[in-house]
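Feature annotations, courtesy of TrEMBL:
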- B:E165, B:R208, B:T354, B:R358: L-aspartate binding site (BINDING)
- B:R208, B:A209, B:E210, B:R216, B:H217, B:L218, B:E351, B:G399, B:L400, B:E401, B:R402: ATP binding site (BINDING)
- B:142-428: domain 'Aminoacyl-transfer RNA synthetases class-II family profile' (DOMAIN)
- B:187-190: region 'Aspartate' (REGION)
- B:P79: site 'Important for tRNA non-discrimination' (SITE)
There are 2 protein chains.
Amino acid sequence: MQRTLSVQLSTRTDRTVRIAGWVHRRRLLKSVAFLVVRDATGLAQVVVTDPAVRATVEALTEETVVEVTGTVTANASAPAGVELTGPVVRPLGPNAVPSPFDLFRPELTATLPTQLDHAPLALRHPRRSAALRVSAAAVAGFRATLDARGFTEIHTPKIVGSATESGANVFALDYFGRPAYLAQSPQFYKQLMVGALERVYEVGPVFRAEPHDTARHLAQYTSLDAELGFVTDHRDVMAVLRDTLAGLLGTVVDRAGPALRTLGVTVPGVPAEIPAVSFPEALGIAGAPPDEPDLAPAHERALGEWARREHGSEFVYVTGYPMAKRPFYTHPDPARPGYSNGFDLLFRGVELVTGGQRLHRHADYLAALAARGEPVGPYADYLAAFRHGLPPHGGFAIGLERLVARLTGASNVREVTAFPRDLHRLTP
Amino acid sequence: MQRTLSVQLSTRTDRTVRIAGWVHRRRLLKSVAFLVVRDATGLAQVVVTDPAVRATVEALTEETVVEVTGTVTANASAPAGVELTGPVVRPLGPNAVPSPFDLFRPELTATLPTQLDHAPLALRHPRRSAALRVSAAAVAGFRATLDARGFTEIHTPKIVGSATESGANVFALDYFGRPAYLAQSPQFYKQLMVGALERVYEVGPVFRAEPHDTARHLAQYTSLDAELGFVTDHRDVMAVLRDTLAGLLGTVVDRAGPALRTLGVTVPGVPAEIPAVSFPEALGIAGAPPDEPDLAPAHERALGEWARREHGSEFVYVTGYPMAKRPFYTHPDPARPGYSNGFDLLFRGVELVTGGQRLHRHADYLAALAARGEPVGPYADYLAAFRHGLPPHGGFAIGLERLVARLTGASNVREVTAFPRDLHRLTP
């Protein structure tokens, strides 16, 4: 008999079906026993009255894998309005060793470190697996939006020959006897690929040897990177990012509806035009002194509140950050060279996306490095390609775990990461 | 004026348009000059007769980024039947330094090492970029097929605490002062995630410190991994793989048509049922002695020819390899314990996919390791989860670069990889 998923049961009333899943919970009452079976789509209640079947159920432990054949019976007081009656219960493996924490309660009560130590078990909790489903839908929406706009997906090296971008926080490895490093971003590769494909994106791991033990930092995270050529300036990039976010969140709504309901999450809309303020305007709105060189977290929160109050938007762009606070490859504002054609996107008062127009002339790169007193050496391979003609271009990067944490209200990115890596954690 | 792509020109006859791209080639005849502009969608021919514009074109170098405004004019002898006349030509950056090899010829004549040394340039060649487009379409088809079958995309750690699978070919790195390794596959993680999501897939980099310098091996490649629970045996996995291949190749046809035409490639069909032979049958078909422990490349070629001749199929499954030749986590055939529920899929006589049913009981893992004289230690974290109930499951892994190379007729996987990593190559 074909397996029926728990989500399908309500359409199979009065039929005999076979379900399979994990023993989520048992309730052994005097005259009847209830077995709740969990599968990837939800929970199914099995009602046991036959003494022999009850003996089988009594011998089971939580998390044991079972299959149950029975009749789908309407019962308005059962979850989803149906339950299985007259069941035959068969274990599909040995009895499971009990979990160190209860998986059947609405919330996991174990501390986060305990959950992470036992990640393969904790991820079985409906709230933890729901966050992973939201994450998968978000990535699917990112790709679909960019596919529809002429972008091509690329895969770039994660092992690189020189430590670029932010030299300190880099993992070193032995590459056939030579020193090498884990890539901190696909930044340079995606720019070079604009020369071949014009519009590219990559979804992949990036590595940061972050010495900080915070709720926002991971040593490996998933970066959603995009880069496009033939832009006028950063505003073309912001328009694509706006559409990408709208498509991403729309796909979360379309594909991850049950997961959103499990988490009690409502997905915000993205305005047709996301409000944008210049860096000096942002300082003014946040009540910061006009000579502040960067936005502090409190300023970002104030901007988030302002955007919601004044524009009904959970999102706000800040444009034209001072060049000194942006990476050397950022294109300056031609009208105000101390300020950049770079932007941040704040989501609910926290920076979620960084992007901007990049330099595209080889001579500009050399000048930018010289102005910062940085050597050309580590960038030489990368910069060589800029002598061969690259169009004006720009792009952005979204940290997937931060996005999903912010969207689902998780206070720590580790809650929405299957097997996080950080300063202290290398397993499981 | 909005930019028009070269592929759109044939629908814009007699209109004034703006195109942009790279100087692909110039031909300076006595009375007329031709400028061929390349963009992401193809080539556009610009006809120059005005002396001032001609002077601009004469000063340009190949690969310089330009924009051209002109009138789309029908000309049956021009590529795509149209050309731009009465043009204004404007460089979008400084003159490009010429490429060390011609990009305008139908084939790149530079040696592969030279192409790879100058990858950002070589990838601009229409044949090289076409292979990347085929690759992107293949991945999109892989995901779409599995999404439609209830799989969830996951992202797993690429930095792991112990060297498992094949201990020798592993990259070691310094993880905050502790030894760590780059993951050789997501094998164990995808199995554990079956416990949370039942059906999962991952598209991501895997790392092999391959000491071999061959046309098939890379130190980093993109692995298309899938794993599914509640299978009866490996045949359920083979059925999903068959559908995945059909969907993958169908998407290549749908999305990468122009790239396939550039490469002159016809995508093979996937039979509704891929022919499958057992390992002993495979030895017989290949004319190998019945006591051979594995299939040699010549045997695989013979099987490929047999499948085409007897079944009209470019694909053939070989099932039931001897357990001694499969990883320790492979599930044996219950009826013949010396043989496995593992399979290979051969594509045109070369192994393309490996898969099978896995062990799902903790005790079976301990016994399998003991039988091979392997310590439990490196696998301890991974095996712990099997005590908590995992259903019968299995999966497969497809090497993206090998698939695309085989599909496009490339003789070396490096031809279809943007920035390959191998024993000798760490840049660009």
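Each Cβ is built from the backbone N, Cα and C atoms, and glycine gets one as well.
Features per TrEMBL, on structure.
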residue: B:P79; record: site 'Important for tRNA non-discrimination'; Cβ contacts under 8 Å, 6 or more apart: B:L43, B:Q45
residue: B:R208; record: L-aspartate binding site; Cβ contacts under 8 Å, 6 or more apart: B:N169, B:V170, B:Q184, B:H217, B:L218, B:A219, B:Q220, B:Y221
residue: B:E210; record: ATP binding site; Cβ contacts under 8 Å, 6 or more apart: B:N169, B:H217, B:L218, B:A219, B:D422, B:L423
residue: B:E351; record: ATP binding site; Cβ contacts under 8 Å, 6 or more apart: B:E300, B:D344, B:L345
residue: B:T354; record: L-aspartate binding site; Cβ contacts under 8 Å, 6 or more apart: B:G342, B:F343, B:D344, B:L345, B:F396, B:A397
residue: B:R358; record: L-aspartate binding site; Cβ contacts under 8 Å, 6 or more apart: B:Q191, B:Y329, B:T330, B:H331, B:H393, B:G394, B:G395
residue: B:L400; record: ATP binding site; Cβ contacts under 8 Å, 6 or more apart: B:S135, B:A138, B:V139, B:V203, B:Y221, B:T222, B:S223, B:L224
residue: B:R402; record: ATP binding site; Cβ contacts under 8 Å, 6 or more apart: B:R216, B:Y221, B:V350, B:L352, B:V413
Contact set, same chain, for the region 'Aspartate' (B:187-190): CB under 8 Å, 6 or more residues outside the stretch: 154, 156-157, 164-165, 200-202, 225-227, 327, 329, 379, 382, 395, 397
Local Cβ density at B:H217 (ATP binding site) - other Cβ atoms counted within 10 Å: 19
Among B:R208, B:A209, B:E210, B:R216, B:H217, B:L218, B:E351, B:G399, B:L400, B:E401, B:R402, the record's ATP binders - longest CA distance, Å: 20
Confidence summary (mean pLDDT) of the region 'Aspartate' (B:187-190): 96
DSSP-derived structure type at B:T354 (L-aspartate binding site), helix or strand or else coil: strand
For B:R402 (ATP binding site): DSSP state (helix, strand, coil): helix
